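So the structure is just underneath, and the comments pick up after that.
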């Protein structure tokens, strides 16, 4: 669709509400104002006016705001009509506007997309709008605001600027090889490169924290029937989310709970007990359990402490460990410490974490929560932090790889041309985060996930 069309959409959630807002952006915004309001409101002043139908009858009355471009959210002429939040009224007003020539319904995220295309926002800031709307905790919301205000973008621009300066220095060394000073081997370029790499690593650390705030951690509780998996889910959730009985195989399907640990979203999944299925329903539940296990960030291997003294996962259940993906982190949870009398606590056993607790009494649950937070490297101190998406982490990782390869070319062979190319590729990867270098396909995928009115 053309970006020169004038677009309109409801900017408030669908359904009944005290206020409903329609947003118009584009060249015909002033025409819409004249047709619906009978006048063009004074720019950036709230005007209380009737909203007129084509025959002059009043559809609604409310506040009109007019923002001439380029001093608007999208950089275009923008008109906002704030009326009553009834769906019928808003639909009538929307139809009235769409009947005017040159108007069409906005695509999801098109207002933010136009703001990006008109240099009102960079891509990271535009994404922060959607992240702010979707924030599930206070920390996530504050970090999204920081990103919207440019905290993440500033860090990326600083890295890009440092790489630009370094590239100029390297290119000069390549173009003037006859100079008395060998810029490639005198240590100055390596020192600057090491500085950029250190700064990038710091940004990656902060971005991982931002990603955890946004994406959270997926934890799957797995084990044999009657090990206490559902009791652990209830203890972590702080409510009776799952049915708990003494009958083995009570849980037949996947149960999901979403909680927060100091602002980090935790997606807890309780699964059917793993064993030879006794019927088709249980077989399907066990298949779903393994599907969730394979996609987890961490598995809580639930063990009934009254049935074994073993603490090594392979000794407890070798078949289970053999099927687990080799890189999947697990924590062995020895349950029923209130019965066995085991000392509550967390230890390390041959590279695996082992925690002793009682899901029934809740003893040791806080220790498990802290363990999950620390295992992901999450810190609750997000002052000045920013949110990050998976694509941001991938771009930062790619940039780090190019810088590492460039460093290798420099110290092993003083290969200026190869170093310059790696610096260029690293800079390109970083520029994808803010949208200075992005494909149309990437932009389409990002903005299509936004709300219609954004």
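Cβ coordinates come from backbone N, Cα and C, glycine included.
Note that the structure is predicted; figures quoted are calculated from it, not measured.
Over all protein chains present, the Cβ of residue 80 ((6S)-5-formyl-5,6,7,8-tetrahydrofolate binding site) has 21 other Cβ atoms lying within 10 Å. Sequence annotations record features per position, and here Swiss-Prot assigns (6S)-5-formyl-5,6,7,8-tetrahydrofolate binding site to 23, 80, 120, 454 based on sequence analysis.
Mean pLDDT across the domain 'TrmE-type G' (216-377) comes to 82 in this model. Feature annotation from Swiss-Prot assigns domain 'TrmE-type G' to 216-377.
Per Swiss-Prot, the feature GTP binding site maps to 226-231, 245-251, 270-273, 335-338, 358-360. If you draw a 10 Å sphere around the CB of residue 336 (GTP binding site), it holds 22 other CB atoms from the protein chains shown. Under the three-state DSSP scheme, residue 336 (GTP binding site) falls in the coil class.
Mapped onto three states, the DSSP output places residue 226 (GTP binding site) in coil. Taken from Swiss-Prot, the feature K(+) binding site applies to 226, 245, 247, 250.
Here Swiss-Prot flags 230, 251 as Mg(2+) binding site, drawing on sequence analysis.
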Q: With a 10 Å radius around each C-beta, find which of these binding-site residues (226, 230, 358) has the fewest other C-beta atoms nearby.
A: 226
Q.
Taking DSSP as the reference, which of helix, strand or coil describes residue 80 ((6S)-5-formyl-5,6,7,8-tetrahydrofolate binding site)?
A. strand
Q: Compile a sequence-ordered list of residues in the same chain as residue 120 ((6S)-5-formyl-5,6,7,8-tetrahydrofolate binding site), six or more apart from it, whose Cβ lies below 8 A from its Cβ; state 'none' when nothing qualifies.
A: 70, 72, 73, 74, 75
Q) Hey, of the binding-site residues listed (23, 229), which one tops the CB count within 10 A? A) 229
Q) Cα of residue 80 ((6S)-5-formyl-5,6,7,8-tetrahydrofolate binding site) to Cα of residue 230 (Mg(2+) binding site): how many Å, rounded? A) 50
Q) CA-CA, which of the binding-site residues 226, 229, 336, 358 lies nearest residue 23 ((6S)-5-formyl-5,6,7,8-tetrahydrofolate binding site)? A) 229
**Q.** Cα separation, residue 358 (GTP binding site) to residue 230 (Mg(2+) binding site) (Å, whole number)
**A.** 12
